[in-house]
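A.B. asks: Take this structure, written in structure tokens, and hold onto it; I'll ask about it next.
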Amino acid sequence: MSSSSGDLKWWQLSLIGIGCTIGTGYFLGSSIGISITGASIVFSFILGAIGTYLVYNALAKMTAKDPQQGSFSYYAGVAFGRWAEFSCGWNYWCSNILIMGSQLIALSILSRFWFPAIPLWIFAAGYAVLSILVVLTGTKGFDKLENLFAVIKFAAILMFIILAIAALMGWIGGDNDQTNLPTTRTELFPGGLKGFWASLIYAFYAYGGIEVIGIMSLQLQKKEDAPKAGKVMLIALAIVYVLSIGLSVTMVSVDAFHEEESPFVTALADYNLDFFPHVFNGAIIIAGFSTMTAALFGVTNLLAAIAEDGNAPSLFAKKSKKLKDLPIPSLALATAGLLASIITALLLPGKIYEYITTAAGILLLYNWFFIILSSFKIIKDNLLHKVFSFVGLALILAAISGTMFEKSIRPGFFVSLLFVLIIGLVCLRMKKVWKKSNNDIRYY
Amino acid sequence: MTRKIYNKYNESGEFMSNKKQDQVTTDDALLDMLLSLVEEDGVELAVTLTVNGAVISGYLIGASDYYEGITESALALQDNTLSKIIAKKFNDMKNAYVKQKQNDEENNEKTPTFIHMKNATYFKLDKQDTSGNTTWWRGRISSVDAVSFDYFT
């Protein structure tokens, strides 16, 4: 990540972005969105794509102007001061740890599809160890595995789209040959405006990971290609998401979807395709595992970068020479965080873990909000950028505020506020330390 | 590749500049050694420095001795109230110096910026008869061009 002139072409960046983004947020999270707002989830996904693109665009423009390894937290620091750099870095770290924890649990739930007798924690521990091993093999091995995983994920979605079209055309026999193409307003928005509003967070959640691409755009051959790479990537993602989710809500009624099963498995359940749940379950596990490992890798390097900038104890910046410059203390802390989130999930009564997962998504959106705010200060004199940025801010605010309207996810909003409060308190405490060390006046 | 960005922000926490400020005030190993002798070991040393074309002779002393010296000098001034105020200010600066030095030592960042002398005499090369005496002298280390171990009076 350190080289300022890389060898990536823009389309390679787009592909990596697609591979990194498609994860459990899309495969599993979308079913919660569908159960809240029904078929109109498709519009949520389109709005989510627009909002995500605006965030990416702001980040890419700042990166092109002043390429920095610290990425969004560095820019937040330039725009608003050290507290912003500190909070953005740690906010991102926290949200990633929580997201990883939730992915781990999702993977374990899915694995029990085949082995219902084995307790959840054995799967969770197994995937965690496997993920740490992949990270320990270093960047080279990681890249190769990720490319393979990306292909498998994409193939799975493609398979669903083809099968779904075949089913709708009546080429595959099934018990259910009735389509549910929504035609009236109440069919399209069964949850009303509030339901639609609340579903936005799940659409955004499926696009999470865009910051990674912002950081990776440092490796582009031509930095000015960064906005193009993002545009292509998000258009491709939006088409795939809208098409696949649009098809699944057309095939079965909205009531059939629930959060422990992928909407795509639900949609094809009535078509006597015995192999499909197995293959698709495997693909989701691979997808979840690869995004989780990417997140673990990213979080490990992120904390090292935070420590290098003096916003975390310097211990976490230490890199092991034996293990390909991997910051081992940072990996250890991420592992501890991961363990804590698994234990929370297993010990606390069901719902609380869901709240934390929602909170993680909201924390991510706080970060996006800051990316756009920073770009206001850094990219000046561009009216068009300002207009776009306001639209982006409005969409993010809508997604965050939407969580307050749905009873089942509202506590997640309060949990996210709790995390912000903790980071804020630490920030206040750190301010005194910064004042001491930031003094430029010399007495000797 | 540990980057030191502690002076990236000013006191109120706003971002200042992209480049990190150069912390090394001299690349002269000998001057650096002399400074360490006077600063850390409390040695007094007679030297003559060339500072931007001016020649200055005096006893090299540490910052601690310098602050104490100017505080005492201030107290020796005629006007009682003013001298007390100035002496108090000088003493405050000494305390701030002690604090900063301790802080720097904890962070392993010993980076003196200034050089101090007592009983200093300075000469101008172009006009031989223009010279002056000052008891306490303070200058920027980075401005020192040359050092010799002579002592002119």
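The backbone N, Cα and C atoms fix where each Cβ goes, and this holds for glycine too.
According to TrEMBL:
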type: TRANSMEM; residues: A:12-34; note: transmembrane segment
type: DOMAIN; residues: A:13-380; note: domain 'Amino acid permease/ SLC12A'
type: TRANSMEM; residues: A:40-60; note: transmembrane segment
type: TRANSMEM; residues: A:113-136; note: transmembrane segment
type: TRANSMEM; residues: A:148-172; note: transmembrane segment
type: TRANSMEM; residues: A:196-220; note: transmembrane segment
type: TRANSMEM; residues: A:232-254; note: transmembrane segment
type: TRANSMEM; residues: A:283-307; note: transmembrane segment
type: TRANSMEM; residues: A:328-349; note: transmembrane segment
type: TRANSMEM; residues: A:355-375; note: transmembrane segment
type: TRANSMEM; residues: A:387-405; note: transmembrane segment
type: TRANSMEM; residues: A:411-428; note: transmembrane segment
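Structural setting of the listed features?
C.D. replies: Long-range contacts of the transmembrane segment (A:113-136) within its own chain (CB-CB distance under 8 A, at least 6 residues past either end) are made by residues 104-105, 107, 142, 145, 277-278, 281, 289, 292-293, 296-297, 300, 323, 326, 331, 335, 338-339, 342, 345-346.
Same-chain residues lying 6+ beyond the ends of the transmembrane segment (A:148-172) with a Cβ under 8 Å from its Cβ atoms: 15-16, 18-20, 22, 179, 240, 243-244, 247-248, 250-251, 264, 267-268, 271-273, 276, 279-280, 283-284, 286-287, 289-290.
Within the same chain, residues 10-11, 13-15, 17-18, 21-22, 26, 30, 34-35, 38-39, 41-42, 45-46, 49, 52-53, 56, 154, 157, 160-161, 164-165, 167-168, 176, 179-182, 190, 206-207, 213, 263-264, 266-270 sit at least 6 positions outside the transmembrane segment (A:232-254) and bring their C-beta atoms closer than 8 Å to a C-beta of that stretch.
Taking Cβ pairs closer than 8 Å, the transmembrane segment (A:283-307) reaches residues 1, 19-28, 69-70, 73, 89-90, 92-93, 96-97, 99-100, 103-104, 106-107, 110-111, 127, 130-132, 134-135, 142, 145-146, 149-150, 152-153, 155-156, 209, 212, 262, 313-317, 319, 326-327, 330-331, 333-334, 338 in its own chain, all 6 or more past its ends.
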A.B. asks: With pairs fewer than 6 apart in sequence excluded, do the transmembrane segment (A:355-375) and the transmembrane segment (A:196-220) have three or more C-beta pairs that lie under 8 Å?
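C.D. replies: Result for the transmembrane segment (A:196-220) with the transmembrane segment (A:355-375) is yes.
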A.B. asks: Restricting to the same chain and to residues at least six past its boundaries, which positions have a Cβ under 8 Å from a Cβ of the transmembrane segment (A:328-349)?
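C.D. replies: Residues 97-98, 100-102, 104-105, 120-121, 124-125, 128, 132, 135-136, 296, 299-301, 303-304, 307, 315-320, 356.
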